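Only one structure is covered here, and it is reproduced in the block below.
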């Protein structure tokens with residue numbers, strides 16, 4: 001009579017595949033679990049047909065009982081192990097090959113993205129330098145046009161573009177949206193270099209602008225210059241939009257779409273270094289084409305020739321960006337994304353202002369953002385007015401801007417390499433104070449050379465320079481070091497300041513600063529300059545007051561950085577203390593029961609023996 005053997009909770013799958021020999025014999029662990037018995041717990045019983053209990057031996061030699069059960073158990077285990085081994089082989093086969101420790105699939109995404117970023121930043125540097133040359137050196141214009149241009153032309157067109165982009169994103173696919181946005185930029189820059197600029201003397205209403213200027217007075221030369229050179233102003237706005245739209249919206253949107261979080265952590269910092277390499281090469285390119293005038297014959301517009309060459313490069317780089325985008329979408333598999341959507345907290349302007357006022361930490365952080373935007377604009381526009389006075393020719397101005405971009409790229413690249421040392425050696429507070437300190441020292445030197453050029457003239461003459469040229473060089477150094485410190489230290493400090501905040505304050509504070517402080521910082525300096533120009537008649541007459549305003553703003557910036565440093569360190573200390581307490585309270589020593597399961601015994605035992613004990 002056959003004996004029934006209970007097997008609940010006895011089978012386990014071994015970690016490694018078993019061999020042919022194992023097919024005929026169970027493992028030692030299985031043999032132990034099948035045939036071991038304990039005195040206090042009798043083996044499983046089987047009732048015979050007559051109701052008498054028959055104790056059956058569990059030796060493997062008994063026919064029909066343990067052998068058949070062992071065969072069934074072993075067969076089940078072998079099938080499971082074979083399936084597990086098959087899955088492992090499949091995983092090993094499907095694993096992507098690697099080059100220098102990086103999967104080929106990842107390289108197929110990162111290399112095209114890096115090339116796209118290089119092309120975009122290469123174009124941006126050429127366009128940025130060219131737009132300043134066009135609007136500052138044009139006849140009837142000066143650097144005073146820039147504050148009015150940023151406030152009354154650039155800002156409305158940026159808002160209008162974002163509204164249009166939002167509408168298009170609702171009706172077009174991502175691929176179609178990318179091409180729909182970037183192709184008009186490429187066509188416009190090509191058309192400007194070969195059509196609009198050569199016809200600028202015919203399409204600009206200079207006679208109307210002269211009549212209005214005679215009626216309103218010279219203090220309105222800045223606003224009227226927008227009408228006078230409207231095609232150059234349109235180029236200025238399109239160049240600004242290339243930086244904000246193509247870089248921020250198209251490129252980073254596409255990069256975040258096709259990369260995973262681990263890939264982003266590893267490769268996104270390399271894009272920043274690559275961007276500065278693009279600055280260096282594009283600066284050399286601008287310098288080269290700006291010097292073409294020296295080899296041209298008399299009567300040839302050297303700036304027109306340089307502009308055609310540079311716009312040809314911009315168009316070529318734009319087409320390369322489109323090709324790389326098409327290649328990635330065609331040949332690179334995109335990562336799977338979760339369909340779950342997160343609701344972002346939205347704050348209106350009034351809610352953002354109230355939150356800024358109520359939180360000292362966020363208020364100090366907002367002061368840093370606004371102060372940088374205002375300070376860099378106050379010095380930059382004044383410097384460009386002196387730059388035009390020193391280099392009135394468009395080719396000379398453009399050549400200088402090419403050198404400026406190259407030096408900015410080199411300085412930023414170096415500062416990015418040194419920033420990690422600054423953070424590790426001196427901490428967040430020193431890193432946050434470097435940018436305003438650099439801007440203050442160079443700003444004081446710049447405005448001193450402008451206001452007190454006479455006393456400094458003998459000293460500057462010994463260096464082979466005039467006070468104006470010295471002011472241009474000092475202003476260039478101020479812009480170079482301020483921007484490199486901003487990219488390598490100010491931006492990381494700003495983002496790090498959010499980390500120790502609680503989630504509610506972190507999310508609301510960032511939303512408030514994005515809604516209020518970024519626009520205020522960008523347009524605040526322009527609004528101050530407009531008020532000064534309209535009040536004192538010109539940018540040169542308002543220079544002393546701009547210098548005093550810069551001193552006040554940077555002083556407030558340093559005070560806010562010092563205040564924020566204390567709060568930041570306090571929150572970090574509190575966070576570290578909480579982590580230490582959590583680690584101390586979570587230390588556990590597991591005490592495992594020595595009682596072993598047996599045949600027919602339930603897998604659960606008394607909780608007093610199996611539960612871990614807290615120390």
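Start at 1 and count along the chain as shown; that gives each residue its number.
In case you wondered, yes, glycine gets a Cβ from its N, Cα and C as well.
Summarising the annotation, TrEMBL assigns compositional bias 'Low complexity' to 593-615.
Annotation source TrEMBL lists region 'Disordered' at 582-615.
Summarising the annotation, TrEMBL assigns transmembrane segment to 110-127 (among others).
What TrEMBL lists as transmembrane segment is 147-165 (among others).
Under the heading transmembrane segment, TrEMBL lists 177-197 (among others). Within the chain, the transmembrane segment (177-197) has long-range Cβ neighbours (under 8 A, six or more residues past its boundaries) at 127, 165, 168-169, 203, 231, 235, 238, 241-242, 245-246, 249-250, 254, 304, 307-308, 310-312, 314-315, 318-319, 321-322, 325.
For 229-255 (among others), the entry in TrEMBL reads transmembrane segment.
Annotation source TrEMBL lists transmembrane segment at 267-289 (among others).
Same-chain residues lying 6 or more positions outside the transmembrane segment (309-334) and placing a CB less than 8 Å from one of its CB atoms are 105, 108-109, 112-113, 115-116, 119-120, 122-123, 126-127, 130, 175, 178-179, 182-183, 185-186, 189-190, 192-194, 254, 257-258, 285-286, 289, 292. Annotated transmembrane segment per TrEMBL: 309-334 (among others), in sequence order.
Marked as transmembrane segment by TrEMBL: 355-379 (among others).
According to TrEMBL, the transmembrane segment annotation covers 399-418 (among others). Long-range contacts of the transmembrane segment (399-418) within the same chain: residues 125, 128-129, 132-133, 272-273, 276-280, 282-288, 290-291, 387, 391, 476, 479-481, 483-485, 487-489, each at least 6 residues beyond the stretch ends and with a Cβ under 8 Å from a Cβ of the stretch.
Look at TrEMBL and you will find 438-461 (among others) tagged as transmembrane segment.
Residues or ranges marked as transmembrane segment in TrEMBL: 545-564 (among others).
The stretches the transmembrane segment (110-127) and the transmembrane segment (229-255) are in mutual contact, each linked to the other by at least three Cβ pairs under 8 Å (pairs 6 or more apart in sequence). If one looks beyond the transmembrane segment (147-165) by at least 6 residues along the same chain, the residues whose Cβ comes under 8 Å of a Cβ in the stretch are 135, 177, 181, 222-223, 225-226, 233, 236-237, 240-241, 244-245, 249, 377, 381, 522-523, 525-527, 529-530, 533.
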